[in-house]
Amino acid sequence: MALIRHCVTLLLILCCSRLCGAIQWLGLTVNGSRVAWNESEHCRLLDGLVPEQSQLCKRNLELMQSVVNAAKQAKLTCQMTFSDMRWNCSSVENAPNFTPDLSKGTRESAFVYALASATISHTIARACASGELPTCSCGATPAEVPGTGFRWGGCGDNLHYGLNMGSAFVDAPMKSSKSGGTQATKMINLHNNAVGRQVLMDSLETKCKCHGVSGSCSVKTCWKGLQDLPHIANELKSKYLGATKVIHRQTGTRRQLVPRELDIRPVRESELVYLVSSPDYCAKNPKLGSYGTQDRVCNKTSVGSDSCNLMCCGRGYNAYTETIVERCQCKYYWCCYVMCKKCERTVERYVCK
């Protein structure tokens, strides 16, 4: 019996590693930052890459520093975006070894997949424009005719290249015939990856710089650039809040994802989807991937998700005072510096019981 339990445990671990394989690369922040990325052998030595991604790594070594940067940005942006929620994305720091909140097809994993997918393409697209990559350059000049008073110029983000390379990297584990995991899980992961990239594409906007005597802006040079990651993450957060729970069922001659509650319609390409309902994240429960909200900072005057009532799940909160030092009474002196005094201020903080 002990041997059987051991084998079952190993199978579950293997299955979990495949289920969340497409975001294991977020673990590259642990050891990828110390790699010079000048030898293909580095690719197989790193935690966080499944075999298909290791092959892509070997063929595209010059991209890997951008991939590491994307992993850092995705983890940081996720935690900033959810800092006011019970689930605050802190578990993403465990990459490449995830807890159930990110390994079981939850609403939270849907967000992280989408954000990671958008971030890697965003980072590569901007690396092209900044001249960091030898294999790409500025984005193509838009085909649309420029409007009155501006011309196309500058160096736009290379979204086309970013999407191609980013999708190849994050989608590889689900498209491999050798990968484990259920067909339903592969489908929702690919779907949520695509949602992330679509939000990224929708963020492409025209950016301009003025030219003219004394800043008159008689002529503007414009290019296509992506909005910053916090904007993209907030768009995805809105989709997270309205995500659709789905089931995998036979529809005609093939199996499809359909909304569990509204299975009369297909899943929309623009919505995040998930398979497993999440806990309320109020109490610590490692089996569910919940860290709980004890000792979390809350906002006494807020009526949102960071309010002490919601954040603390009705358990109440403790108050304490803290003295902070900040700049004050600043004066500008010609030319050209600012001098400030240092002032102390006492603030009241609140933490959940």
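Keep in mind that glycine also has a Cβ here, set from the backbone N, Cα and C atoms.
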Bond partner of C138 - disulfide, per Swiss-Prot - picked from C128, C136, C155: C155
From the candidates N31, N97, the one which Swiss-Prot records as N-linked glycosylation site: N31
Of the candidates C208, C217, the one sharing a disulfide with C210 in Swiss-Prot: C217
Disulphide partner cysteine [Swiss-Prot] for C352, chosen from C312, C313, C328, C330: C312
Selected from C136, C222: Swiss-Prot disulphide partner of C208: C222
Disulphide bridge to C282 as given by Swiss-Prot, partner from C308, C313, C328: C313
DSSP three-state assignment (helix, strand or coil) for C336 (disulfide bond): coil
Least surrounded among the disulfide-bonded residues, given as C78, C217, C282, C308, when other CB atoms within 10 Å are counted: C217
From recorded positions N38, C138, Y274, N299, the one whose Cα lies nearest C336 (disulfide bond): C138
Fewest-neighbour residue among disulfide-bonded residues, criterion Cβ within 10 Å, set C155, C330: C330
Chain-internal residues near N299 (N-linked glycosylation site), provided their CB is under 8 angstroms and they sit 6+ positions away: D84, D306, S307, C308, M311, Y350
Residue among disulfide-bonded residues C217, C298, C335, C352 with Cα closest to the Cα of C136 (disulfide bond): C217
Nearest recorded site to C210 (disulfide bond) by CA-CA distance, among recorded positions C89, C128, Y274, Y281, C343: C128
